[in-house]
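Engineer: TrEMBL lists these features:
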type	residues	note
DOMAIN	A:54-259	domain 'ABC transmembrane type-1'
TRANSMEM	A:54-77	transmembrane segment
TRANSMEM	A:89-120	transmembrane segment
TRANSMEM	A:140-159	transmembrane segment
TRANSMEM	A:187-206	transmembrane segment
TRANSMEM	A:212-231	transmembrane segment
TRANSMEM	A:243-263	transmembrane segment
Amino acid sequence: MRAFISSVYLFLYAPIALVVLFSFNAGRSASEFTGFSTDWYGKALGNTFLVSALQNSLIIAFTSAALAAVFGTMAALGMERLGARMRALFDALFAAAIVVPGVVIGIATLVALVAVFSFLNPALAALWPGDRPPQLGLGYGSIIAAHGLFSMALVTMIVKARIASLGRDIVEASSDLYATPLTTFRLIVLPQILPSILAGFLLAFTFSFDDFIIAFFVAGSKTTLPIYVFASIRRGVTPEINAIATLVLFASLLLILTARILMREKRSKSGE
Amino acid sequence: MRAAMNTKRNLVTAALVAPAAAWLFVFLVLPFVAMLVFAFGERAPEGGYQAAFTFAQFANLPTRATAFWNTLLLAPAGALLCLVVAYPTAYHLAVKANPRYRLILVSLVVVPFWTSLLVRTYAWMYILGSRGIPNLLAMVGIEDVRLLNTPGAVLLGIVYGYLPLMIMPIYVSLEKLDRRLLEASADLGAKPVSTFFGVTLPLSLPGVMTGVALVTILLLGEYLIPQLLGGGKVFFIGNALVDLFLQSRNWPFGSAIAVTLVAVVVVVLMVAMRIAWRVAGTRQVDLV
């Protein structure tokens, strides 16, 4: 049994460890470690395509996660106050946003946006006073929209679970003491749900930062980091990709660990 | 007074849910309607979509039968393979592991799920590729071993990618298990094996169901693993969709396949829920 469990952990971590190890390899070999070097990192970070893809990914992940954190929290708070039927409708839509495969979300968003743009662009051209009307197209906006969908569902799910575990009595006590609803929210509810909101934000950020398939469909001419990595893998496996992969790995590792610590704090505070 | 307060309360509620509602409508509901409309359309001569009302795209589905068969075969097979590895692991974590290290051990299982699937799949491409294991084998005299671009490589990638998602729900259901039941079973003279099959296993079935359903559903839409480890030889519906949308630009046919894929997901979900309902109450899945 013990040997089996150890081999499961080895199975989970050895491949990742190998990629990290060979990102420091001086040579190009994938099976022979010929010496330690950080050359591949220098090469990766000197690559302007890579750096701009990284910038795009950070902008998109930050914007979609921030929007999801704000709107998702609002939705979680609002759904508490909805009637059973409306709440079930929201639950179903959020569940759909999570369960529907990313490849379908990407396609549906692409199809819908292209259809909408084909109406809007000529209309815009007709109405535009100058002679260079703006062209709507795929890019930051479409990726943020599609990532925001999943992320919002994620944040709502996490914050809703936290609200459900909150004691109603403390909220009632606050209003009995003549606190306005806004004051109660600011002083009582918000501090308690803040760790979950932050955890939701970080998970949403991680999801967006790592997503390949949705962005692949709706990115237009923009390149995100996973799209860049995918394209480079297709050109052939090189130690430079190992270096990039290691950087991506550690970025998401940092995010997920922070999220977990925030969520655990929530769990221990609520006494679970 | 009361009416005014109610109106105000309703306005606040509406304002709270409005952004998410708008987002869900514009970026989930509308796209689905658009995709459905496209699925009944025709391919424009230069690629893309042309308005029409025809079932031709759906009639064409059998031309992509291989992708459907691969997906419908390898997704459940991958999920079951995950289960075989996941159950003993979850059992160990929940029942046998030292409570002091439990949290760390569980974290170590969850964390990979939230790191880039692309990078984790790439790791196997690297290991199975000609410069990885086959290269090492060649050094000891075993030549021409091909591991990459085989169904086995795809299954390996699937187990690797989705193992954490299978372990978690099973772990949660085993952890909630009332230890007194196990003691009662032992006190009544049951051997450990019969306690396991008579008490532990049935009570952890909801977790097993959740895990199998979750992993199968996610695998139905998988693209990266068959693309990178199957190398165009073992392709899923997801690969057919990328090809139709981004290469051959046959959007209506692609939409018809996507609509069919969603239908398959819904059927799998309903079957899973029906079974879960019968086995026990459904249980929420803790992804983090």
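Note: Cβ is positioned from N, Cα and C throughout, glycine not excepted.
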Engineer: Count, for each of A:54-77, A:140-159, A:187-206, A:212-231, A:243-263, the Cβ pairs lying under 8 Å from the transmembrane segment (A:89-120), and report the range with the highest count.
Structural biologist: A:140-159
Engineer: Against which stretches of its own chain does the transmembrane segment (A:243-263) lie, if we need a Cβ under 8 Å and a gap of at least six residues from its ends?
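Structural biologist: Cβ under 8 Å, 6 or more out: 16, 19-20, 23, 40-41, 43-44, 50, 158, 195-196, 198-199, 202-203, 205-206, 209-210, 225-226, 229, 232.
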Engineer: Which stretch from A:54-77, A:140-159, A:187-206 shares the most C-beta pairs under 8 Å with the transmembrane segment (A:212-231)?
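Structural biologist: Highest pair count goes to A:140-159.
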Engineer: List, by number or range, the same-chain residues at least 6 past the transmembrane segment (A:187-206) whose CB is under 8 A from its CB atoms?
Structural biologist: 61-62, 64-66, 68-69, 72-73, 77, 147, 150-152, 154-155, 158-159, 161-163, 166, 170-171, 174, 179, 252, 255-256, 258-260, 262-263, 265-266, 269
